[in-house]
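Taken from Swiss-Prot, the feature 5-phospho-alpha-D-ribose 1-diphosphate binding site applies to G79, 82-83, T87, 89-92, 107-115, A119, supported by sequence analysis. The anthranilate 1 binding site annotation in Swiss-Prot covers G79, N110 and rests on sequence analysis. The annotation Mg(2+) 1 binding site is assigned in Swiss-Prot to S91, E225 on the grounds of sequence analysis. Residues or ranges marked as anthranilate 2 binding site in Swiss-Prot: R165. The Mg(2+) 2 binding site annotation in Swiss-Prot covers D224, E225.
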Amino acid sequence: MIKEAILKVVNGNDLNAKEAYGAMDEIMSGESSEVQMSAYLTALSMKGETIEEITASTKAMRAHCVKLLNDEEVLEIVGTGGDGSNTFNISTTSSIVISAAGVPVAKHGNRSASSKCGAADVLEALGVNIYIEPEKSLKILKEINLCFLFAQNYHLAMKFVAGVRKELSIRTIFNILGPLTNPAGATMQVLGVYDESLVKPLCEVLKNVGVKSALSVYGQDGLDEISVSDKTSVCELRDGRLKCYEIAPEDFGMERCSKEDLVGGNPRENAEITLSILNGQKGPKRNAVVLNSAAALYVAGKADSIEDGVRLASEIIDSGRAKKQLEKFIEYTNS
């Protein structure tokens with residue numbers, strides 16, 4: 001299947017769903033050679049991945065991952081990475097705030113790929129045990145509305161392509177697939193993307209793979225988050241329909257900051273930033289967490305609008321509930 005797919009893509013032709021699924025299935029099964037994987041991923045990247053190809057590839061990758069057998073609706077807040085901005089861990093910090101509001105959050109992430117500090121790195125620096133079994137993660141999710149799904153524990157088939165990705169050192173479809181393949185089958189999602197051209201297509205993919213409510217976002221300053229230093233392009237999925245619009249920090253009573261105000265550092269430094277926000281420190285970094293948390297609270301139906309979500313997220317931080325949630329998370333993962 002992958003040989004035929006390579007030939008088709010090299011000639012600039014799009015794959016149908018069956019062809020794209022088959023090619024990814026071969027890769028995830030370890031049946032493709034490194035040369036075949038390199039050719040396929042490079043050609044696909046040069047042609048440009050279609051919605052149909054991304055949807056089918058997502059389904060194939062999901063079929064090969066270890067699943068968290070969860071029967072409740074959960075939310076994911078995640079960025080594709082690759083924006084080169086080296087911000088602190090906005091979505092990871094936000095996941096603590098969101099879950100403290102009573103929204104079940106299955107945060108899916110990995111160690112750093114394109115920045116100094118990934119979700120796994122900062123959580124580990126905060127004292128969270130990231131190496132726990134799926135059964136225990138599910139138990140913790142049910143008890144405190146929060147769990148962390150360390151990608152390498154769930155996407156075991158990625159070992160077949162890891163070497164190729166490292167050697168290629170170019171953006172491939174896998175940069176997009178990670179955030180689309182939550183092992184808990186998240187049905188609510190805030191997805192940050194690294195390129196404005198992906199905002200609507202990836203929202204369409206989320207719809208195709210069963211997500212019910214979502215925001216796909218791109219900060220126009222280049223962030224794969226909702227930005228507080230520029231406008232943000234948004235595509236919203238609600239009731240099976242897509243709606244695209246822009247939002248700005250001023251819409252929510254926030255001052256624009258400079259992009260540099262959101263820069264983080266190594267895991268220890270980013271852990272300190274997260275703690276300072278949860279301890280109530282004001283400023284641009286807190287605003288970024290509040291606004292991204294607000295969007296997720298809106299997606300989850302805990303707030304009637306992003307504006308209402310801003311009020312709720314602020315109250316959760318100021319009341320100390322978010323800090324207590326982190327303390328519980330550390331305790332539960334280490335007990």
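Each Cβ is built from the backbone N, Cα and C atoms, and glycine gets one as well.
Projection of Swiss-Prot feature records onto the structure.
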residue	record	contacts (Cβ under 8 Å, 6+ apart)
G79	5-phospho-alpha-D-ribose 1-diphosphate binding site	S91, P179, L191, G192, V193, Y194, D224, E225
H108	5-phospho-alpha-D-ribose 1-diphosphate binding site	E76, V78, F148, L149, A151, Y154, G178, P179, T181, N182, P183, A184, A186
N110	anthranilate 1 binding site	G118, A119, A120, F150, A151, Q152, G178
R111	5-phospho-alpha-D-ribose 1-diphosphate binding site	G118, A120, D121
R165	anthranilate 2 binding site	L41, T172, F174
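In the three-state DSSP scheme, D224 (Mg(2+) 2 binding site) is classed as coil. Within 10 Å of the C-beta atom of S91 (5-phospho-alpha-D-ribose 1-diphosphate binding site) sit 27 other C-beta atoms, taking all shown protein chains into account.
Under the three-state DSSP scheme, S91 (5-phospho-alpha-D-ribose 1-diphosphate binding site) falls in the helix class.
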